Every structure is written in C-alpha cells, then in structure tokens.
Amino acid sequence: MAVAFSQNVRSAFITRGVAGGFVGEHDRETRMPLPDHISARHENLSPLTDGMIAFDQGAAHQVDPVVAAAILAFGFVYIHPFEDGNGRLHRYLIHHVLAERGFNPPGVVFPVAAAIFERIDEYRTVLESYSTRLLPLIAWEPTEKFNVSVLNDTGDFYRFFDATPHAEFLYSCVQKTIEKDLPSETAFLRNYDAFRGQVEDIVDMPERTIDLLFRFLQQNGGKLSRRARENEFRALSDDEAARIERIYDETFGSGE
C-alpha cells in the first residue's frame, strides 16, 4: 500500500501545491466561501501523508484491522489532499486496508461501502463529529479566486484526532455487511444460478439474454410484459414463457 499511496498522493499535490482547499459552498451573491470543512494547508500535505504511511507500515499492524482502516481512511478524508476524488479514495482505503490485513479472503471484495451508503446520514454525522469542532479553530481569509487561505498553523489538527466514533461507525457497517449483506448476496447468487440453469433446460439462451430475461421478470413482478414477449422474447412459446415465469416465482418469489 505505502509505495502506491505515496506516489499517487504526491502526483496529485500538483493541483494543491500552492493553494488551500475546503469542503462547502459559495455565497450565491458574493461568491465568498462558506466552508463546512477546511483542508490541511498545502505546506503540511507531505508530512501529514508521510505520517499516514508510517502509521500504515508500523503501528497499524498492532491494532484491529477495522480500527486501522478507520484511522487511515477518515484521517485521509480530513486532510483532503486532492482537488477532487477524496471521498472515493477514502472509501477505497477502507476496503484496501481490510483486504491487506487479511480481514476478508483473498480475491473477495468486502462490500462495506454499501452499508455506509445505506447509512449516509449517520456517516455525515460521524464526519462532522470532528470537522465541526475543528472549523472554529482555523483562522482563514478568502482569496481573490474565492478559495480559502489558512492563516494559522493547523498541522496537528489533522495529525491527531479522536477516531473513536469513526471506528464505532465502521464496526457497525462491518457487522451489517457480515450478518446481512453478504448472506443476502450469497443467497441471491445461488438463486440466480438455479434460475439460469432451469431456464437453460427449457431453451438455449446466451448468458446475457438470460440476464435480460431475469431483469424483465424482476421489474414486472415475475411476469414477462407484452412488450417483452413481442420483441426481445418473441421466440418463446406461451408454454415456455409460462414455465419460465413459474421458475422465477419458485426461485425468487413474487416479492423479489
């Protein structure tokens, strides 16, 4: 992780090399910045990310993988080193750290981001648990280009933060992923394989056509619409269509 992360971060510093950054909006009339969160000063980006890399290579291996992922991922998003894409990289770090620490089997994507998006309001509350307390401590002024220029030394604000609520939130998302999302996804895949196999016993269809057939059934309560029967699946006989609809109902139920 460390080499690739370091190279990617430093290459993107070009866009933040001489400017500050913030998360928020601009006043509609004056265009003055209205920050919800202010990024680390550009002078601090290299030492802060070096600190993240040092933590990843050292102390992170002495703590639980979920705690390490929370510290690195949320620490990164608070530093906010890129002009764009910080949120996506933040979520990538969660997945990457968990995978690197052997939290999930090799080659298996642990879909914790889905649980995060389902609880997006709680996620924002966790982010704001620190950023709202940090904002009043940062002295700043607007620039000519309606950005922010930080006036005081803020490096330690990003170097040290209480990640307890962040780790607790991530633990809850991991728990939901393990107890609900993965079993649900596994059951769906098994049912889909059974559906596909039984359809292939009736008619010879390419896999992409079976996938289209499934989506039509899913969107229409387990029934093929007249439009689908007259177009994409006009080759099906009435008996074949009825048998396929019955297979879908037996495999997924009318509520799927």
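From the backbone N, Cα and C atoms, a Cβ is placed for every residue, glycine too.
Sequence annotations record features per position, and here TrEMBL assigns domain 'Fido' to 1-143.
In three-state terms derived from DSSP, H80 (active site) belongs to neither a helical nor a strand segment and is classed as coil. Here TrEMBL flags H80 as active site.
The feature ATP binding site is assigned by TrEMBL to D84, G85, N86, G87, R88, L89, H90, R91. Cβ neighbour count for H90 (ATP binding site) (all protein chains, 10 Å cutoff from its Cβ): 18.
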TODO: Report the DSSP secondary-structure composition of the domain 'Fido' (1-143) as helix, strand and coil residue counts.
DONE: 90 helix, 14 strand, 39 coil
Open item on the list: Tell me the Cα distance separating H80 (active site) from R88 (ATP binding site), rounded to the nearest angstrom.
Closed with: 11
Task: Rounded Cα separation (Å) that holds between G87 (ATP binding site) and H80 (active site) - done: 9
Open item on the list: I'd like to know the mean pLDDT over the domain 'Fido' (1-143).
Closed with: 85
TODO: Using all protein chains in view, find how many other C-beta atoms are within 10 Å of the C-beta of N86 (ATP binding site).
DONE: 19
Open item on the list: Around the ATP site formed by D84, G85, N86, G87, R88, L89, H90, R91, which additional residues qualify by having Cβ within 8 Å of the site's Cβ center?
Closed with: V77, F82, Y92
